[in-house]
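**Student:** Shown below is the structure under consideration.
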Amino acid sequence: MNEKSLRVLEYFKIKDGIKKYISTSAAKKLIDELEPYGSLYEVKEHIEETKEAFELLMKKGAPPFEGAYDVTEAVSMAEKGFSLAPGQLLKVGSMLRCARKFKEYISHKEEEESYRIIEDICSGIIPLKNIEDNIFNAIIGEEEISDKASTALYSIRRSLKDKNASIKDKVNAMMRSYSKYLQENLYTIRGERYVIPVKAEYKAQVPGLVHDQSSTGATLFIEPMGLVNLNNEIKELMLKEKAEIERILRELSALIYKSIVAVKNNEKIVTELDFIFAKAKYASSINATAPHVNDKGVIDIVMGRHPLIDPAKVVPLNIYMGREFTSLVITGPNTGGKTVTLKTTGLLEVMAMSGLMIPARENSTISFFKEVYADIGDEQSIEQSLSTFSSHMTNIVRIIDDADEDSLVLFDELGAGTDPTEGAALAISILEALRKRGTKIVATTHYSELKAYALKTENVENASVEFDVETLRPTYRLLIGIPGKSNAFEISKRLGLSDYIIEEARKGISKDTLEFEDLIQNLQTRSVKAEENLRKAEFLKEQAEKFKEKYEEKVSSITETREKALHEGRREAKKIIEEAKSEADKILKDMREMERLGYSSEARQRLQESRQKLKEKLNNAEESLNISERDQGEALKSVKEGEEVFIPSLNMKGIVISTQDSKGEVGIQAGIMKINVKLKDLRKTNNNPISKKEKAVKKREARLNLKSVAQSIDLRGLDSEEAIYKTDIYLDEAYMAGLGSVTVIHGKGTGVLRNAINTMLKKNSHVKSYRLGNFGEGGTGVTVVELK
């Protein structure tokens, strides 16, 4: 794609906007290299990957990029066999953890929606938890190694601690004995050796080694001879500690070296995911959608918005071309929004061709072009001494030389900057030359001659930007099919120009021209009314949709309540039946006891008959319950449009409005609801409804499957009581969603909130274990909870 067009369309500002959402500098490099792709397949795939990331953001919240660092340099050093610093190792460990957690982030149940491209990328991740654990167990901070890094280091540091305690006791004793010679009763350390501050005039009274003196020379820092051996022992231990730390770092670096291919692979994937999710986050910030893409030259942008204009001020744009016409000529007065229309169209095109979602309504369509050429604005060069006209013409000549049927050309004020008659004629010739090649064109102009050209030329359509004569302001709405009108007379009249002057001016214009302008005015008025009617219709449609949603919610609520009541009733009935059976068995036992004690067999016979009748009634009642729960009706092997079917999960009948699709789903009109139901879940209408119990279970399963739970909860700003309440609910949802571990963000602060949360976690039945966050996870500001 030619850089000039990208520059005038302000494409690079879009890339700057995306960079705000990256986590690694390696991903920033990918954004710097981003440009429109060279094939339809690439464009579709990259839009789809952005859309998948966007949907994951909406469903699962922020991806696990905490602690995702650019480790390119560290990995390169490890590959060459160098020993890495603690900070570098921590960053590599964080990157590996980020990669592993991404596999958990995209995991889903079999029946839930899959994300083909993102899952395919993540399938290449090779979890290296062993390396992660070794790094995080050994290294606490960028300059701090854990005592647990090795048994040798633990032993050395324990010895150091003991030696330091011994030397402190000894130096304190010496200070007491030398107190009258000291500047102050405080020991200090110089060159990693314990020393005491002796007044210069008493240095002979304290035998030892002089290590330093104060700035005034009044104090000498002396290491008493009695401390020399202990200081030497401490120095030896410190050297051993340093050597052991270097050995540990070499060992950890060697672990990375052994798995360098997998480490580099994971680093590359994390960088790619960072890039993809940055695109998705930017899409969310501009309220973007994924457009359809074709290679037929068809553009249909619905309510498109320029992403760099303030959302509160931007006017949505509707523009289409490529079916009935391939060239669009936008005419009308200056400052009417023609250039914004041109830039919006071009920018949304190159955004989509770069795999980005665009700020427009769902189902907008963008065409793939091999090149987008733009001649917009005044980019004349002072050094080249080019006039406005010459500057534009130089660019236009280049466009005419290169543009073909797979190109989109955007002209702003074509033919301007020279004599109007010649400029208009030249503009028509340029448009006609490109049109004959099949080039797709959007051009703006204020020449009336181009209106006539568009009216009489095949595949060329007029358009204008609406102007409100009442307020003397443009509305910036594009009216396709209606040429622009200058409105000079109306504007002049409203600004106070005398009527007789305006009438004299009218006489200077031909009757045909005036009639044509009046026709344009009438068309614009009708278009405005049509727009108003359309907006009213859309408003009514939205209201109807809201009413439908409320109705469905009420129906669902009523159905759920009814099912719950029926389920409870059946459960209670079963309980009564079981109790009655137990009572009947007790009666029989009593009868046998009576017979044993000598009561007549006749009495026993009557009791036996009574018991049998009771048992039969109970069995009949139980069987009727079981039948109603068991009998769901006969399954359907196929359906046809217009057929009446029964939907057990809703306990409703419906009419088939579309037959089975590739997913095995059938379109059903059930009351006012239009729903898709799996064919296997439909029954013939002459069968009994599904049991309320099973229906309730299915609804619960559906709700669980649809519900998404974030990987973390943020409690900052809440008091302890509210935080505990929210965390308790969140842990229930996370457990039901099958999450393995979650993060509770409570902040560092005074520790009150953290302690309250930890106390609650000890008692929660879903919690297997919990710990404070490691480096890159949030440290003591978060608690990582592992669920059962």
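Placement of Cβ uses the backbone N, Cα and C atoms for every residue, glycine included.
Computed from a predicted structure; not experimentally measured.
According to Swiss-Prot, the record shows the following:
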type: BINDING; residues: Gly332, Pro333, Asn334, Thr335, Gly336, Gly337, Lys338, Thr339; note: ATP binding site
type: DOMAIN; residues: 713-788; note: domain 'Smr'
**Student:** For the domain 'Smr' (713-788), what are the DSSP-based totals of helix, strand and coil residues?
**Tutor:** 32 helix, 19 strand, 25 coil
**Student:** By the DSSP assignment reduced to helix, strand and coil, which category contains Thr339 (ATP binding site)?
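**Tutor:** Looking at the DSSP assignment, Thr339 (ATP binding site) belongs to a helix.
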**Student:** List, in sequence order, the same-chain residues at least six positions removed whose CB sits under 8 Å from that of Lys338 (ATP binding site)?
**Tutor:** Ile330, Gly332, Asp412, Thr444, Val465
**Student:** Mind looking up the mean pLDDT for the domain 'Smr' (713-788) in the predicted model?
**Tutor:** 85
**Student:** Under 8 Å between C-beta atoms and at least six apart in sequence, can you list the same-chain neighbours of Gly337 (ATP binding site), or say none if there are none?
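**Tutor:** Correct list: Val315, Val465, Pro474, Tyr476.
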**Student:** If H, G and I count as helix, E and B as strand, and all else as coil, what does DSSP give for Gly332 (ATP binding site)?
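**Tutor:** It is coil.
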**Student:** Under 8 Å Cβ to Cβ from Thr339 (ATP binding site), same chain, six or more residues apart: give me those in sequence order, or none if nothing qualifies.
**Tutor:** Ile376, Gly377, Asp412, Thr444
**Student:** So if I draw a 10 Å sphere around the Cβ of Gly332 (ATP binding site), how many other Cβ atoms end up inside it?
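**Tutor:** Taking every protein chain into account, the count is 27.
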